[in-house]
Structure formats: structure tokens, C-alpha cells
Amino acid sequence: MAKHVAVLMGGWSSEREVSLRSGAACAGALEAAGYRVTRVDVGRDVAEVLTHLKPDVAFNVLHGQPGEDGTIQGILEILRIPYSHSGVLASALAMDKAQARIMLAAAGVPVAKGGLVSRAEAAKAHIMPTPYVLKPNAGGSSVGVFIVREDQAHPPQELTREDWPHGENLLAEEFIPGLELTCAVMGDKVLDVIEIESTQKFYDYESKYAPGGSQHILPARILPEIYQRVQMLSLTAHRALGCRGVSRSDFRFDPSRGDGSGLICLEVNTQPGMTETSLVPELAAHAGISFGELVTWMVEDASLER
């Protein structure tokens, strides 16, 4: 009998729409591969829904809270339902960008200069030399991210909104000019490196998910030694945070820095996008792994105590 796979998608984070698109793509591919699939638009009754469904595997395609921060992983552990991607601890660490920075730096993965600040601090005055980047400490898909440039006399006024939806803790980091690079890890296998050219000022939400929002250059147009270093650092980051299944690490590379400090890891994504414009499926395809083979591998890799 075919395995029953519950594809967890949607949820209530700011990345809900992207998750629904990822979930639809994955569910369709899993059905084509012969699995019995139930699409679950995750609500706060998810534990009750999954208890009733009794799936063999939960395929987690949620982005943001609660699917990327360890919450859904903890529920699945309690219900004893094997699941895809990373476990409770790795998910929580990667979602907390400030904590992830500490872990990555300790493992030898270079991170940008910066640190955690409150929204109130960030809204009052520049908290570091411009240009710098402000981003929610527990956000994703570049939602709520600002580049504070040299010609800006004051921090972004959006930070003073009473209905600010992205939490009270922000990560402030120096802005690294240059190339946007990304690399994925699949189990213990590191994939290739993509160079991203955005039509926007930076690789924001629209660039990531709107057709034509960015151009993906694969393989990236960088020197072989930099290419291999990105791959090595991606695998190191995956292991340092204790990731499982598939992860994607994002980097900036400034070729003008000749002292070796030009390659910086921005973050590790434990729930990378799986839409038609997403990077991980593209990297897998470049390695000869079809989308159907990728999602099948993720189902068969699912387990508990990840």
C-alpha cells in the first residue's frame, strides 16, 4: 500500500501564500510519484487534524512560524509522525538569526558584523555605520528587511508603525555589496552554487517569488576556489546547526575585498522554498535530480528525533 503523506502548508505567517504554492507543487509531484496525499492547510487545530488523519509521513512545506521554528516539529514528535526537513532544535536555532550567527561563527562560518537590537533602538537613530541591513530576527523570504543607505538621514519610518508585524527584535548587520550566492545541502550531499541577479535593489520578496523577478545563473560565475568554499561552508553550516534533509545557505560575496573577508554567510534556511521559481529544485535539477525524485527522497528521508 502506498504511503499516506500529509503535506503541511499555509499556516498563518507572512509567508503563507508562498507556502501554499510550495505545498501545491510538492503535493502534485508526490501524487504523480504514487503516494496517497492529503493537503493540510495548517491551522491552530493541526494536532487534532493530524491525530485524525494518521499519516505515515508529514511533509513540511510551511515557511515561517509555526513550521520553521521548531513548533510543528515538536507537535510531530509528540504525535510520533515521521517528518521531513530539520528537527526541533535545528529549526529553532536557524529561525533565531542571532543565535544561528553565534553557532555559525563558532564553526568557522564567516558572518557579517552586527548584532541583535530592539525595534525601538533601531527606529531612534542609526545603530551602526551606513550602509547596513535591518531584518526581523525570526523572519524569512526577505519580509520586513531594510537596507539603510548612506544617504538616509534617519532609520526607516516603517519601524515606528504601531501595527509592525515582524517582532520586537531585529538583526542589524553591515551591508555586503557584491554577488548574491546560494547553495543547498541534501542529506550529506552538497549541491552546486547559484548566482542571483535581482531586478530589484536587493533580493527581496518580489525578486524571490514573482516570475522574472530575478535571474539565476547556474553555475555561479565565480572563481573555482570561491565556488568550492561556498560549498564547503554550506555543508559546515548545515552540520553546525544540526540540520537534516534539505537546507539552503545564502551568501554575499564582495570580490573587491582581497583579504579573504568578502564571502559572508547571511543565513541558513531549514525550510527552503519549493515553488516553480525556487532555488533548491533548480539546484537539484542541475545535479540530475528531477522534482519528483527530490520530493520522493524527502519523504523517504523522513524520520523522528531529527
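Cβ atoms are placed via backbone N, Cα and C, with glycine included.
Since the structure is predicted, the reported quantities are computational estimates derived from the model, not experimental observations.
Record features, source Swiss-Prot:
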type: BINDING; residues: 128-182; note: ATP binding site
type: BINDING; residues: Asp250, Glu267; note: Mg(2+) 1 binding site
type: BINDING; residues: Glu267, Asn269; note: Mg(2+) 2 binding site
type: DOMAIN; residues: 101-300; note: domain 'ATP-grasp'
Distance from Arg149 (ATP binding site) back to Asn269 (Mg(2+) 2 binding site), taken between C-alpha atoms, in Å: 26
Pairwise Cα distance for Asp250 (Mg(2+) 1 binding site)/Leu170 (ATP binding site) [Å, integer]: 18
Segment-level pLDDT (mean, integer) for the domain 'ATP-grasp' (101-300): 87
Distance [Cα-Cα, Å, rounded] between Leu170 (ATP binding site) and Glu267 (Mg(2+) 1 binding site): 14
Number of other Cβ atoms within 10 Å of the Cβ of Met128 (ATP binding site) across all protein chains: 18
Binding-site residues: Pro156, Pro177 - member with fewest neighbouring CB atoms within 10 Å: Pro177
Neighbouring C-beta atoms (10 Å sphere around the C-beta of Asn269 (Mg(2+) 2 binding site)): 24
Least Cβ-crowded entry, counting other Cβ within 10 Å, from the binding-site residues listed as Lys135, Arg149: Arg149
Closest of Lys135, Pro156, Pro177 to Glu267 (Mg(2+) 1 binding site), Cα positions, binding-site residues only: Lys135
